[in-house]
Amino acid sequence: MSTEGSAVDTLTIEEAAAELERLAKEIAHHDALYHGRDRPEISDADYDALKRRNDALEVRFPELIREDSPSRRVGAAPSVTFSPVVHARPMLSLDNTFSQEDVQDFVASVYRFLGRLPDQSIAFTAEPKIDGLSMSIRYENGRLVTAATRGDGTTGENVTANIRTIAEIPNELPKGVPAVVEIRGEVYMAKSDFLALNRQMEAEGKQTYVNPRNTAAGSLRQLDAKVTASRKLKFFAYAWGEISEMPADTQFGMVQTFKDWGFPVNPLMKRLNSVADILAHYDEIGLERPDLDYDIDGVVYKVDSLELQARLGFRSRSPRWATAHKFPAEQAFTEVEKIEIQVGRTGALTPVARLKPITVGGVVVTNATLHNEDYIKGIGNSGERIRPEDHDIREGDTVIVQRAGDVIPQILDVVMEKRLADARSYEFPKTCPVCGSHAVREVNEKTGKMDSVRRCTGGFICRAQATEHLKHFVSRNAFDIEGLGSKQIDFFFEHEDASLQIRTAPEIFTLEKRQQQSLTKLENIDGFGKVSVGKLYTAINERRSIALHRFIYALGIRHVGETTAKLLARSYGTYEAFATAMKEAAPLSGDAWNDLNAIEGIGEVVARAMVEFYKEPRNVEVITRLLEEVTPQQAEQPVTTGSPVAGKTVVFTGSLEKFTRDEAKARAESLGAKVAGSVSKKTDIVVAGPGAGSKLDKARELGVQTMDEDEWLALISG
Ligand code: IVH
């Protein structure tokens, strides 16, 4: 089940890893839509919520930070149509803050970093965060030479010809400006121009744009600069890149200089001296927001003194001297037209509210997840009340919808005054709406608590579970069969002809052979064709040999996500060894059971789920047929002998200078060590870089061996 609504501190490591994986994919998907194709599917608030969730998970489980983590990237890589421009100085991102406390923390951290006392006042600037596209415009000897988008922060796209069409951006600067000047700021489209453009698009029968930001992006990415010219783009200057001679020594002074040079600057920028003043300005800008002719999504605070900015410096992606205080997620009222139940791969019955379409934060919302029957009643995951008792969600209710904290919009509350007289409490089905089997809430043997999720007990006979199972089997981190998506699975599942039917995974691999002997040809069916059928068979055949962890993950065992599958593959090495161990572990005692539970990262719930899975004859039968078609490869075994750290548990802490955390982890693991995120009695070695804090203290307290990076390097190379 998805864990996305659960509090971060209630998640197991497997759940967190699975969620981080999902978030990495999801955020990358939205990045691509946002930066590459200018057609986002979610609001910025939602996007921020995803990133925040990712950050929170990474703070709690630093050992799970992925290679492809969204926290390591700024924006998306540039698209291909424009030539690349390497920025003279990287274009960084801003950290986000969401509450007054966050802002207080930010200001306090600036004081702390600089070793200042609160009475040695530090001035900040506060200005709107413009929701457009950042641009770096380079002038040499007063003439515009290149303009580039941010791209991935290091390399952007060369959009010089297009930027030259923007009337507000000078092509030439006044005499006496520094020889090299890079002005940075935001290109945007005015709300009024956006509305006018959409009216025109509609009149011409063309597809309308989603919001001003994406329209501005789309308008800039035109290969034909004439189109850009017709779009009335605008600009605010607020920062700089390379500059050969500094014309001012404060943020405020720099922006005033840009104004003198002929650039538009935002009139709401202020220089302020206290947190109270900063927050008051935030409120003021918030009040003006609806009346501004451009979209803003927050207020940016920057340390005013450039000398202090230089001392504060940067973290990996963002300056320590600035933060973006975002406006809260938008909410709206709408009606619940219907409550429907979806059945997932593991049989979970998930209620979904079908809403009367409503625009929230610039995006049309038609569905909201209701998670489970308790949520509908207003009861949270730990049995706590999340809404007053009579505020259960009913069909026909008017509700407050929020797009934030989740990709999927949330229903926050019910507007009781609007409840219809004949509205009836939603009766959660006790049987599966797809197959009619009993749907039950399991009781956790250990805690005695009832699971919040009701599950269909139909297993393989349930069409929903079976198709979801197949969809999981072919999904990207499992068998990854191109050309076999959700639609195709439904098609093959439903097909009555035996040569075309796929009801279990092995049948994917017998499809080609069955087709050769059949007269009902797939290539003659609408939507397939000779070429795509050929490609499909190739894609299927390419997977006849598959990595063991993918094979295990693809089986769809409950609680076994990609990370667990990798652990299992690494621990058992071959499928035979794994399957034998699972069968031998059936009594939930004995060596096989103990070995399984001893694997770091595998808890009892997961272990039980695996044993249960292998107790089901039907599962074993399907796997036996699958193994006639597919060969799982032997997993690579890490070197565990002859290494001085083999079998040791190592914790890395502090800011590592000789290697990145990932490098350190990968290297240690390849030498047979286990890398943990926190120090305990089981820890053997703590490697501490500069700035190490509580983990180092704890290690000393527990008498765990500690060393610095050099000592560690000496140890592992010795
Ligand atoms: S300052 C080193 N000021 O927000 C930081 N950025 O999330 C330089 N943005 O990439 C950026 N309004 O596209 C700054 N008044 C403002 C801004 C602003 C919008 C954008 C900009 C930046 C992003 C960071």
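Here the Cβ of each residue, glycine as well, is placed from N, Cα and C on the backbone.
Nobody curates TrEMBL annotations by hand; they come from automatic prediction.
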Annotated companion of ASP44, ALA45, ASP46, TYR47, ASP48, SER93, LEU94, GLU127, ARG150, GLU186, LYS326 at the NAD(+) site, TrEMBL, chosen from LYS206, LYS226, LYS302, LYS356: LYS302
Of 13-67, 508-562, 563-617, the range TrEMBL labels coiled coil: 13-67
ASP48 (NAD(+) binding site) in three-state DSSP notation: helix
Separation of alpha carbons, ASP44 (NAD(+) binding site) and CYS432 (Zn(2+) binding site) (Å): 36
Rounded distance in angstrom between the Cα atoms of CYS435 (Zn(2+) binding site) and ASP46 (NAD(+) binding site): 35
Of ASP44, ASP46, ASP48 (the binding-site residues), the residue whose Cβ has the fewest other Cβ atoms within 10 Å: ASP48
Candidates near ligand 1 among the recorded positions ASP48, LEU94, LYS129, LYS302, CYS462, judged by a Cβ under 6 angstroms: LEU94, LYS129
Distance, ASP48 (NAD(+) binding site) to CYS462 (Zn(2+) binding site) (CA atoms, angstrom): 37
Rounded Cα separation (Å) that holds between ARG150 (NAD(+) binding site) and LYS129 (active site, N6-AMP-lysine intermediate): 16
